[in-house]
Amino acid sequence: MRPAHRQLLPLRSPCWPRPHRQQHGAVRALPAHAQSFGASGNGAGTGSAEGRVQDGAAAMVVGVGCAAVAALLSCFLVVLPLRCAGQTDLKSPQDIQVYVVNTNFTLRWNYTGNDTNVTFSAEYRWFESSDTNEKVRETEWKELSGCQNVTRTECDFSSAVTKYYDEHEVRIRAERGEELSPWSSIFEMTPYAIAQIGPPGVELQSTNGVIKIKVSPPEANQVRKMWIADLRFKYILVIWENSSNPEVRSQSIFPTDTIDDLAPDTTYCLKVQATIPLEFQEGLFSPIFCVKTTRKVNDLLCATNVRILALNMKFHLHWNSQYKQHVSYNVQYLSGYRKTLHDDYSTEWLSVPGCENITDTQCNFSSIISTTPGLYYLRVQAMSENNKTCLSNEVKVDPLRTNEIGPPDVKVDISDVSLHIQISPPGGSECEVMRDHYDLSYRVLYWKNSSNNEEEVKIKEVKQTIATVSDLTPSTLYCVKVQAFSEVYNKSGDYSKEECIKTPGDKSLPLIILATFVTALIAVLLVAMPLVFGLYQIYNKIKYVFFPSCQPPLNIEGFGGQVFNSLYLSTTDEPIENCSIIEAITEEVNQIDFKDYKHSKQSSRDSGTYSNDSDTSGSKASEETLVKEIV
């Protein structure tokens, strides 16, 4: 490593004479007069010369002392930078990173200096935490084992860290001999939080057209483990055909599993990854393994097309038989959790009760299905008369997902204009699994049953087993069907049979008619009464004028017609009567009687019965006529 070059400034002291520069920077040590002790001249001159010599000697002594001090100071200042150069010139490492795979710890950094023969050393400390995840105690800085005096820009310190859940701090510096760089920035980490899952172990076996695979945990056979529970691991298989244009497929597998649906005599390559889904952790893939498949032996004894039919938690296993001779079957099952273990489960298969040594090609295995959710695996073992056996492919049963929801039973009733629907859950009320685990809801469809095909189908969803539909049209035939469904499992069942019922007539119609009639009657009365009253008044006036109710006095009763005819009503064509003169003997009328008549008439007129002018004029005319007749 090259030392740093520093420029030292010349020191000037009060006791140091200013140098006289010459060409090439020569300096004269003494003045010219100090070099000559001249003999010429008088004594005075000699005395003066001696004084000058003494002064020059003193100046030389002082100059030599100052030069010595300056030389020592210059040497001190020159040596001091050289001793501190290691701490100021070496650069600190940068970009500190820690990589953790399982329990393997690697420290990496960058160094931008051009110095040679540089080594690196690291220190660490951690904070011991309590149950509340609070920092309790900070430890002292310690040398990081595996990262002392390393020449590369990375080191392995797996043996130094044992507290995987505590917070750690790491720092590093560069060194060259006794020269030390400043410490780098501190890198903080919690091992478990930054750890990555390592690749799992993989074993393969190609047999009878399938590939059997066995996966071991990433930290198998290790004393120190970052991942304590192996059961949390889920394994992802990526497999493809070793060809120019491979189709890559990915699937989840168990620690011990079988890969089927492969082409015979074909080379497949695969790799496996371990994951912890609950913590969203994805590990590193295993190395790539390639294996060639074999041809599958077609054994007619084996059961084929094994399938499951399940309705309302009633499970049946069906299969096909190709064997023409006598054969018996034994249905076996395995609890799904055993496949998540890394142990051998080949001896854990059990026989289904009631499905042992049967000759039929179906079996009811509802008895093994527990009310607790879980997976099951089933297979069929075929046995010939000579005790030859053959195992079918396995089928997986997830009861609550494999099961199909059947149609519910429905009863309908009507009241007024409301439709009441009573629903019985699929499987009956005694089926607790259907009721409790599925958390069923019901979709009610109802519509008018008419010849109009465009009638709208209305939908109503309910959680209860009783539904009410209102706002129906009276005297109308309605039809209903119900479907059960589960939002949790995203499953819908079949619809029930259609149930139809007719709504009753509208009982409020007579009341409406009666109310309308009463209202109309009241309106008519309110209008007719004033009209009748007005007509009655007009009738009275006419009757009063043309048909008075009072009678005229007796003394003028005989003249009414003539008076009326002659005075008030003039006819356009008066009839002419043929009269004959009859001679009559007239008696003299007592003048007194006439006067009495006139007086009576006058009194009658004054009584107010006929008080109008027309009556008066009529009376006068009658009187004149009467006088003429008498005469």
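Here the Cβ of each residue, glycine as well, is placed from N, Cα and C on the backbone.
The feature transmembrane segment is assigned by TrEMBL to 57-82 (among others).
Taken from TrEMBL, the feature domain 'Fibronectin type-III' covers 92-194 (among others).
For 404-506 (among others), the entry in TrEMBL reads domain 'Fibronectin type-III'.
Within its own chain, the transmembrane segment (511-536) has no Cβ neighbours under 8 Å among residues six or more beyond its boundaries. Annotation comment: TrEMBL describes 511-536 (among others) as transmembrane segment.
Annotated region 'Disordered' per TrEMBL: 597-631, in sequence order.
Per TrEMBL, the feature compositional bias 'Polar residues' maps to 605-620.
Positions annotated as compositional bias 'Basic and acidic residues' by TrEMBL: 621-631.
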Practice item. Quick one: average pLDDT across the domain 'Fibronectin type-III' (92-194), no decimals. Key: 89
Revision key, fill the gap. The domain 'Fibronectin type-III' (404-506) resolves under DSSP into 5 helix, 51 strand, 47 coil
